[in-house]
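According to Swiss-Prot:
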SIGNAL    1-17  signal peptide
MOTIF     177-184  motif 'Cysteine switch'
BINDING   Cys179, His348, His352, His358  Zn(2+) binding site
TOPO_DOM  207-696  topological domain 'Extracellular'
CARBOHYD  Asn237  N-linked glycosylation site
DISULFID  Cys323-Cys409  disulfide bond
DISULFID  Cys365-Cys393  disulfide bond
DISULFID  Cys367-Cys376  disulfide bond
CARBOHYD  Asn389  N-linked glycosylation site
CARBOHYD  Asn392  N-linked glycosylation site
DISULFID  Cys480-Cys500  disulfide bond
CARBOHYD  Asn606  N-linked glycosylation site
CARBOHYD  Asn611  N-linked glycosylation site
DISULFID  Cys657-Cys667  disulfide bond
DISULFID  Cys661-Cys673  disulfide bond
DISULFID  Cys675-Cys684  disulfide bond
TRANSMEM  697-717  transmembrane segment
TOPO_DOM  718-863  topological domain 'Cytoplasmic'
COMPBIAS  767-778  compositional bias 'Pro residues'
COMPBIAS  791-800  compositional bias 'Pro residues'
COMPBIAS  813-824  compositional bias 'Pro residues'
Amino acid sequence: MRLALLWALGLLGAGSPLPSWPLPNIGGTEEQQAESEKAPREPLEPQVLQDDLPISLKKVLQTSLPEPLRIKLELDGDSHILELLQNRELVPGRPTLVWYQPDGTRVVSEGHTLENCCYQGRVRGYAGSWVSICTCSGLRGLVVLTPERSYTLEQGPGDLQGPPIISRIQDLHLPGHTCALSWRESVHTQKPPEHPLGQRHIRRRRDVVTETKTVELVIVADHSEAQKYRDFQHLLNRTLEVALLLDTFFRPLNVRVALVGLEAWTQRDLVEISPNPAVTLENFLHWRRAHLLPRLPHDSAQLVTGTSFSGPTVGMAIQNSICSPDFSGGVNMDHSTSILGVASSIAHELGHSLGLDHDLPGNSCPCPGPAPAKTCIMEASTDFLPGLNFSNCSRRALEKALLDGMGSCLFERLPSLPPMAAFCGNMFVEPGEQCDCGFLDDCVDPCCDSLTCQLRPGAQCASDGPCCQNCQLRPSGWQCRPTRGDCDLPEFCPGDSSQCPPDVSLGDGEPCAGGQAVCMHGRCASYAQQCQSLWGPGAQPAAPLCLQTANTRGNAFGSCGRNPSGSYVSCTPRDAICGQLQCQTGRTQPLLGSIRDLLWETIDVNGTELNCSWVHLDLGSDVAQPLLTLPGTACGPGLVCIDHRCQRVDLLGAQECRSKCHGHGVCDSNRHCYCEEGWAPPDCTTQLKATSSLTTGLLLSLLVLLVLVMLGASYWYRARLHQRLCQLKGPTCQYRAAQSGPSERPGPPQRALLARGTKQASALSFPAPPSRPLPPDPVSKRLQAELADRPNPPTRPLPADPVVRSPKSQGPAKPPPPRKPLPADPQGRCPSGDLPGPGAGIPPLVVPSRPAPPPPTVSSLYL
C-alpha cells in the first residue's frame, strides 16, 4: 500500500477495518473540479526541523508524527518557520465511524484510536499569525501571516506524496454563494448593541462568554459526497481537515469544535436529497432526531452533499438551535475542492445554530481579512473570498445568546485523544504532569512551572478553570457558574478540581416566566418577551382576535410557517398563538429586518370595531421564513407550543419526572432531581441534619457578641463595687479614679476651709497615700498666702499658741515675714463662703489627701 495510505490515518488502531474498496465515481473527480478553480500556484518542498537540522517531511512521516512540529516553508520567496502543536481536542476520546456495506448493513466502528495528524500553531516572528495544518494526506491547511497575507496549502490531484500547492487566498476564485436560513427560525436576533463588549451591567462570578465551550460535531457525507473519494480513508482525511479549520475559526470565540463521529452513506442516500435546501434540511433533521441522535449523542450534525442546490445557496441552518434535539443541524454543499471554501460554509451554518445572524452591510461589522475584499464568516453572501474570521457583530450576538441561556450542552469537557507520549508544553495534562501551560514564552499561568509541568510550591491547582483562585482550590459549594435565566441552574465547585461541572438546566416542561411559558432546551421565553426582542421595550402581544385572524389566513402577514415547497401554512384556530409573532406598540421599526408591507384592518366583534395591524417583514433575500413563536410558549391552561402546535404540557414529561423528587425538588435537563436546600439527592427524600454554613456563622457571631457583653458587664460591676467601697472607707481607700494629669500641690490647710472642703473633696477624688515622705513645698508660703482665698472670720476663739519646737523637730524652713502688713479682713464677702467664679482667675482649692504639715510658729496668718 502506498505511503500516503499508511499515514492518511493509517492511523487506525483497534476496531473494524475501514472499507477500502473503490467507490463508483458519479459526482466527478477532484481533478475535474480543480479545473474550475485554477489559480497561480507554486509547488514547494517543505522541511521539518529537528534539533535545527532540516529533514524531509516525507521522511519524518515514515517514522512517527512528533507532537511538537516545526516546518520550514517558503512563501512568496521568503522562508518561514511554522511552530506547531497537535490539536488533541479535535478528536476527543475514540470517535465513531459509520459506513454501509453493499447489502445495506450498517458498520459501526467504535473505539478507533486515531493517530493525531492535525496541528495548530503560529509563524515565528509574526505576532497575531496562526496556522492550521493536517499531515494526514500530504500537507494541507491554512497559513495566515497577516490579515493581508494568507495562504492555502493543497495537495495536487492524485499526488499525495508530492509538495503541496500553495496559493494566496486572493487568488482563490470560488463561485459566489449565499446562505438561506430555514423558516423554522427559533430566535430573533437583534442589531448589534451600542455598548462595546465587556460593558454590560451584568455581574458574573465566571463569565460564560470567556469560559471555553465545546461543540460535539458529527459530519454526515451523503452518497454523492462519498463517491468523490476512492475509499473511506480519503473521505476521513478530508473530514478531519475541514473539522480542524472549523475549530480554528471558532477558537477566538472561546468555542472549540470536536469531531465525535463521521457517517458516510456509501451505498445510497438515507433521506431525499433535493436541490431545494429547505427540503433537504427538513428531511435530514427528521432523520437525525429519529436515527442518528439515539445511537450517537452530539450537539450538532452537519450534512455535506455533493449535490448542487438550486440558485446561489450553498447551505441552510436554523437560527439559535444548538443543543436542540429537533433542529440542531445544517446542510452544506461541497462546492469546492478547497477545504477552505467548504470549511467556511460549514462554519457559517454552525454559526447560525449558535445564534449568529448575518453581518450587517457596510462598515458596522468590521472584520480583519485579506484586502481588498475583507469578508467575514457570517456575511450573507461571498462572491470571491471565503471568510476567515468572525466579526464584532458575531461576537456580540454570541454573547447575547449565551447570556440568554443558549448552549447549555456546550459546557461539558470531553476527554482528549490519548497521547502517544507525554510531552511537557503541549497544553494537555498527561500522566506524570500536574499542569501544562505551554512553552515558556506562551505560559501565563503563575501556578504552573512550564519547564517541569508541575505545580509551583504551595499551589493546589492550575488557573485553567473557574474553581481555582490564586493557585488554591475554591471550597466545595462555591458557585462557579451562575444562572443565565429562568430555566438555568447554578453549578458549584466540587472542591477537588479546578473545573466547573457541566452546565445543567431545568427540564423541559418546568414552568417559568410566571407561568407564561415553560422551559424548553434550557430556555424560557414568554410571548411578551419575544415581542420585545423584535420590537423593543414596551411591545406586547396583539389582541387575541387580531392574532388569530392573521395566522389562520396563511399568508405573508400571518401563518404557521412555510412548508418545504415555500408556500405558507395556515394555522388552525387552536394553534394560532403558536404561529407567526403578532405584536403591538413598541418601536416603529423592528430590531430585525425592515417592514416591507403594512396592513390595517377593522374587525367587527359583536358590534364593536377592533383595529388590527399586521406587518410583512423583509429579512433579506437569503432568509425566507417568518418569525414564529418559540417552543414552550403558553397557549392556554395546561397547553404549550410544541412543533408550532398547541399541545398538552404533560407530553413533555415534567410532572412525571418531578414526582420522583417527592415534592422537594425539580427535574433538570438530565432527568435528575435538583433538590431544594436541606434535602439530599437523588430523590430528595432525606433531610439534611447538618446546619448550613450561614446558620453556623450566625451562631458563632452571636456567641462572640454574648461573651463581649458579659465581659463589659463584669468590668462595669467591678468598677462600681470599687467606687462603693471607697465611699465607705473614706480617705483610706486604696482605689482612685484615673486622672488626666498630676494634681496641683495645695496650699496650707485653712481650718475653716478644711472642715468645709473635706466633704467636697471626698466626692471628687481619693488619691493614694504616698509611699515615702513628700519633698519640701517648692512654693513659698508668702505666695500661697497671697493667692489663697481668705477664709471666713472665726466664730470662736483661736486655740493657744503651739509650743515652739526645737530646730531638729521643725518642719520646713520658716518663710520670711511679709514686707507690709496684710490687709484687713474685707467686708462684704459672700457669707456662704463660696469660691470665686472663673472670672477671678484664681484656681480652685484642692484639699490634700495627707496630714497637714506642722503650722508655722506665728499664731495667725493674719498678723
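Backbone N, Cα and C define each Cβ position, glycine as well.
Feature annotations (Swiss-Prot) mapped to structure.
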residue: Asn611; record: N-linked glycosylation site; Cβ contacts under 8 Å, 6 or more apart: Trp600, Glu601, Thr602
residue: Cys657; record: disulfide bond; Cβ contacts under 8 Å, 6 or more apart: Gly507, Cys667, Arg671
residue: Cys661; record: disulfide bond; Cβ contacts under 8 Å, 6 or more apart: Cys667, Cys673, Tyr674, Cys675, Asp683, Cys684
(request) Could you list the residues of the same chain, at least six apart in sequence, whose Cβ is under 8 A from the Cβ of Cys409 (disulfide bond)? (result) Glu216, Asp299, Ile322, Cys323, Asp503
(request) Using DSSP reduced to three states, classify Cys675 (disulfide bond) as helix, strand or coil. (result) strand
(request) Do me a favour and check the Cα-Cα span between Asn606 (N-linked glycosylation site) and His358 (Zn(2+) binding site); whole Å is fine. (result) 45
(request) Across all the protein chains here, work out how many other Cβ atoms are within 10 Å of the Cβ of Cys393 (disulfide bond). (result) 23
(message) Can you tell me the CA-to-CA distance separating His358 (Zn(2+) binding site) and Cys480 (disulfide bond), as a whole number of Å?
(response) 33
(request) Would you list, in sequence order, the recorded positions among Asn237, His352, Cys365 whose CA lies within 10 Å of the CA of Cys376 (disulfide bond)? (result) Cys365
(request) Please report how many Å separate the Cα atom of Cys367 (disulfide bond) from that of Asn389 (N-linked glycosylation site), as a whole number. (result) 7
(request) Can you grab the distance from Cys500 (disulfide bond) over to His352 (Zn(2+) binding site)? Cα atoms, rounded to a whole Å. (result) 27
(message) I'd like to confirm something. Which of the recorded positions, Cys365, Asn392, Cys393, has a Cα closest to the Cα of His352 (Zn(2+) binding site)?
(response) Cys393
(message) Can you tell me whether DSSP puts His352 (Zn(2+) binding site) in helix, strand or coil?
(response) helix
(request) Measure from the Cα of Asn389 (N-linked glycosylation site) to the Cα of every one of the recorded positions Asn237, Cys365, Cys480, then give the nearest. (result) Cys365
(message) Rounded to a whole angstrom, what is the C-alpha distance between Cys480 (disulfide bond) and His348 (Zn(2+) binding site)?
(response) 31
(request) With H, G and I counted as helix, E and B as strand and the rest as coil, say where DSSP puts Cys657 (disulfide bond). (result) helix
(message) Counting across all protein chains present, how many other Cβ atoms fall within 10 Å of the Cβ of Cys684 (disulfide bond)?
(response) 20
(request) Restricting attention to the topological domain 'Cytoplasmic' (718-863), give the mean pLDDT. (result) 53
(message) Distance check, please: Cα of Asn237 (N-linked glycosylation site) against Cα of Cys365 (disulfide bond), rounded to an integer number of angstrom.
(response) 34
(request) Please report how many Å separate the Cα atom of Asn392 (N-linked glycosylation site) from that of His348 (Zn(2+) binding site), as a whole number. (result) 15
